[in-house]
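Heads up: the structure comes next, in structure tokens.
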Amino acid sequence: MTPNLVYVVVIGVLFAAGVSMVLERSLTRVLMGMILLGNGVNLLILLGGKAGTPPIVGLGPDEEMADPLPQIMILTAIVITLGMTAFLLALAYRSWAMSGHDEVQDDVEDQRIMLLAERDEGSGTDDTDHHEAAR
Amino acid sequence: MNFLVPLPVVMPLFGAALALMMAGKPRAQRTVSLTVLTATLLVSCALLFLSTVDGPLVVAVGGWSAPLGIVLVADQLAALMLVVSSAVTLCVLVYSIGQGMADGHEETPLSVYHPTYLILTAGVTNAFLAGDLFNLYVGFEILLVASYVLLTIGGTENRIRAGSTYVVVSLLSSVVFLTAIGLIYAATGTLNLAQLVERLDALPDGLRLILQGMLLLAFGIKAAVFPLSSWLPDSYPTAPAPVTAVFAGLLTKVGVYAIIRTETLLFPGGRAAAVLLILGLLTMVIGILGAVAQSDIKRLLSFTLVSHIGYLLFGVGLTTQLGLSSAIFYVVHHITIQTTLFLAAGLIEKRGGSTALDKLGGLAKLSPVLAVLFLVPALNLAGIPPFSGFIGKLGLVQAGVADGGVLAWLLVGGGILTSLLTLYAVARVWNLAFWRTPPSSCPPRSRSLLPPLMVAPTMALVVFGVALTVVAGPLFDVSDQAASSLMERAYYVQAVFGGGAP
């Protein structure tokens, strides 16, 4: 079975657009990227099965039936993506309500190291017994 | 006795529904979750016993036989993981109940805590029992969705910040996994693990390597393997102590389990072995260097968690039976010890008012029980004889020496170095938090003693960790048998299909 070129191009575009959106800082854009990626994957799974008549016994000859398994997997994946979209939206909304923006922020560690670098200090260990003795 | 196999998945799911219906009745919720998890533990023990005596137990879900329907397979590896994970979840549940009572439900304000916790358990057990790649994906999704809720519970600013990174990274790994599933289905026409064995072997080498790489990438993110691990130390410590403990114990290990399963069953021959070994070395060394630099106990423990995933990759990457069985033993040890340490960190937070090392001191005098509860698992993690950490590391080192290659020797060296640095990291916590005189910046201590319902499960896990040493002989036998049946792939195929593959 040779895959349909239109499908292949659409999947490629969906993946590319999704990846570039996921790299954004704003959680809403990341969410849209995730939706695009999810749709790309769904199409990719669809491409893996045979196309044909509806897979119901009695509607046509068995050999011409479409492969139902990828379609079932896509249904499951769609349900999961739906739930995740709702959760991410809630997360973005909560983030906006708490801090006025929905940007994904830096790691605590990164922030601490950047602060230390600005002040031009090393990452001091906290063995204060020695410091106190030296004083 | 095959009817036992689906129970570890079904019971927590039913329990979750029941607990959700009892929202607002904390007492009834607690009873339901405790009963369900105890029953899960008992069933898992029975499964381990049966799979050791009679070989793998297989159930075709809904009566649809193997290649058409979904199978659940409880072989020794799966059953062993089930036993450890349900024991750990039960202990952590008791701990969180104790904490909820002591804090007046500050940390678990919502009635969704118990249902979500049970769903997390169901996801973990489903991933262990899955005999089908798509079912494995569903198991991962169930546990991830539950983990998103648990991580952001309460919705404070810090948790939302850490939660966004965690959710996005996990979603990305799911997308990679799903893509790999789509490609594997397109290439072979099946997702049943036992049927894939034969069909993947028939594929061209290059294609197989790509599929293997994609699966490894997806599982590597979940297992927090080095270049893909930076999400973990940032997100885990912000959650409530019991949640962090159960995440640290179980979630990364499900990823490791998936790596072990796919590397042995679907892609044997060790084409990715060198990559696994190098990644294992980097994970070990860089992870532990991160731990040494930390000044917060929870973050430090998260880095040791990442670091010790490297040992597991070491065992898997050797692709010998000894390496594999040591890795399985090490998983059991690591789940127990890492959970115990996070629970102890929760106790430290409760007693000392903080987990930041510069705000702690003199805890050994204040609470000798707490000191013991921290010290024993800490030494165990660092691999001090006679604890199980030492035995696991010894097994891995022996497997590495037996292999004799340059990479294997490098990993042996790296493993010993990591073990020493782990000892340094936990000894630093010990010195600063327990032994030194309290600094003036110490927050005022709570007068109240530690709640017994929090101490008891921690103590139970400490004892369990020590007991791993006592039963190390039989346990190593079980993990050795599990490893040998993993290496013998026909065993798994035969268990699922009876005769040969259709």
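Keep in mind that glycine also has a Cβ here, set from the backbone N, Cα and C atoms.
The feature domain 'NADH:quinone oxidoreductase/Mrp antiporter transmembrane' is assigned by TrEMBL to B:130-417.
Residues 32-33, 35-37, 39-40, 43-44, 47, 59, 61, 72, 82, 86, 111-112, 114-116, 118-119, 121-122, 125-126, 129 of the same chain lie 6 or more positions beyond the ends of the transmembrane segment (B:6-24) yet place their CB under 8 Å from a CB of it. Taken from TrEMBL, the feature transmembrane segment applies to B:6-24 (among others).
The annotation transmembrane segment is assigned in TrEMBL to B:31-50 (among others).
According to TrEMBL, the feature transmembrane segment maps to B:70-98 (among others).
Residues 5-6, 8-9, 12-13, 15-17, 19-20, 23-24, 26, 29-30, 32-33, 36-37, 40, 44, 70, 72-74, 78, 81-82, 85-86, 89, 93, 96, 100, 136, 138-147, 149-150, 153-154, 193, 246, 250-251, 254, 257-258 of the same chain, all 6+ positions outside the transmembrane segment (B:110-130), place their C-beta atoms under 8 angstroms from a C-beta of that stretch. Per TrEMBL, transmembrane segment is recorded for B:110-130 (among others).
Residues or ranges marked as transmembrane segment in TrEMBL: B:136-154 (among others). Panel annotation: around the transmembrane segment (B:136-154), residues 107-110, 112-113, 116-117, 119-120, 122-130, 160, 162-163, 166-167, 170, 174, 177-178, 181, 222, 235, 238-240, 243, 247, 251, 254, 258 of the same chain, lying at least six beyond its termini, place a Cβ under 8 Å from a Cβ of the stretch.
The transmembrane segment annotation in TrEMBL covers B:166-187 (among others).
If you look at the transmembrane segment (B:207-229), the same-chain residues 6 or more away from its ends with a CB under 8 A from one of its CBs are 140, 169-170, 172-174, 176-177, 179-180, 183-184, 187, 200, 251-256, 258-259, 262, 266-267, 271-272, 275-276, 279-280, 282-283, 286-287, 305-306, 309-310, 312-313. Sequence annotations record features per position, and here TrEMBL assigns transmembrane segment to B:207-229 (among others).
The annotation transmembrane segment is assigned in TrEMBL to B:241-260 (among others).
Marked as transmembrane segment by TrEMBL: B:272-293 (among others).
What TrEMBL lists as transmembrane segment is B:369-387 (among others).
Summarising the annotation, TrEMBL assigns transmembrane segment to B:407-427 (among others).
What TrEMBL lists as transmembrane segment is B:448-476 (among others).
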With pairs restricted to those 6 or more apart in sequence, evaluate whether the transmembrane segment (B:369-387) and the transmembrane segment (B:272-293) have 3+ C-beta pairs under 8 Å.
no
Counting CB pairs under 8 Å, which listed stretch among B:166-187, B:241-260, B:272-293 touches the transmembrane segment (B:70-98) the most?
B:241-260
For the transmembrane segment (B:448-476), distant same-chain residues with Cβ under 8 A (at least six beyond the ends):
87-88, 91-92, 94-95, 97-99, 101-102, 325, 329, 332-333, 336-337, 339-340, 343-344, 346-347, 350-351, 367, 369-370, 372-373, 376-377, 380, 386-388, 391, 395
